[in-house]
Amino acid sequence: MRNLSVSLELARAFSSRNRKHFVLPFLAIVIGLIGLIVVLSVINGFDSLLIESLTSFFPHLLVDSPDYVPSGINELLTYFPLSIHEGVVSMGTNFSGSFVYTTNEDGLRYIDRFLQDGRMPLAESEIVLGKEIMEKLALTIGDIILLYSYKGREPVSKQYTVVGTLNTGIYQFDSSVCVIRGDLFDFTAVYLLDPMKAGEFKRRIEKDTSFVVYSWQELNQSFYKAVKMDEFFAMLITVFVVLLSGFGVSNSILYSVLTRKKEIAVLSSLGLSSRSISAIFGFQVAYIATFGSAIGVSAGVMISYLISKIQIPLPSDIFYTTSLPVKIEPLHVLIAVIFEFSLAIVFSMIPARMAGKIDPMEVLRYE
């Protein structure tokens, strides 16, 4: 215990006397954490925005019965009958593939929040189209289109009057979704207060009923995997940035060992063990990593917060948002700090062990 306190005191003294040797690794840790937190916050912001846009429009659960009535679901937001089938929207010689959403008054009332222009269908001969379909086919409200539906084995065509434009915030929906009024349905669309609990309620409904239930994650697997892939690459970036700062720490500790051979030899001659000498340089790294992480995290969180408040403008036609989205995820910040600290300690082990293995007799002979 006494040797440990001696190592701590010597580490503090060594760090105070030669601060200039630790400026670069200190700055590497600080700048690395600032960059990581800001980048991760922006990626988390985009991911959250995409998931929020997706789950605000697409049903969180699809129950394969139009007569299902939710019960015992305290997270229930709303539900309504729905059919989804493939179709083709045609205007003259132009056409666009689509997914036709057929619902009743309750469903139209919910979807109304995504209406960009016009109104929802009042009759079965009226239709609302995604804004990308409108642009692709050069349509305006009041135009008459031909919709080929593939609900059964044979395609059925019917004329519809365009009465509104949808803007869901997700390109794959805005470029394919059509909404019409009807009275024949295949599913019940269920929306929850927390869409991330869809899997839990899917299992509960299937356990309590004989219905097959599909969650939004299952029906949008490619989209969900893309979001998870973003998170993976964000963490990969974290690893590489932290590795760079780890090399800086290692070089500084190695330099400290090489310039303090005489002090190390004297301490060893006075009876300080090799382990205690190695601990001195390990504690030096702990000092650097602790203060660097504290300042890096504080600055990174502050910068991310300022970015969210400044609202850096983005072209909405490309990013589907008017400003740069930012979301600080405490777990990602914690992982970055722990990894940074652990890696700094690991990178210091080789030079620290070198210090513990220095032969005092060999050093003092030439001093």
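Yeah, the Cβs are placed from backbone N, Cα and C, and that goes for glycine too.
Some features that TrEMBL has for this protein:
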type	residues	note
TRANSMEM	21-43	transmembrane segment
DOMAIN	26-169	domain 'MacB-like periplasmic core'
TRANSMEM	232-258	transmembrane segment
DOMAIN	236-360	domain 'ABC3 transporter permease C-terminal'
TRANSMEM	279-307	transmembrane segment
TRANSMEM	331-352	transmembrane segment
The recorded stretch from 232-258, 279-307, 331-352 sharing the largest number of CB pairs under 8 A with the transmembrane segment (21-43) is 279-307
For the transmembrane segment (232-258), what are the same-chain contacts with Cβ under 8 Å, counting residues 6+ beyond its ends? 14, 18, 21-22, 24-25, 28-29, 32, 35-36, 39-40, 43-44, 264, 281, 284-285, 288-289, 332, 335-336, 339-340, 343-344, 346-348, 350-352, 354-355, 358
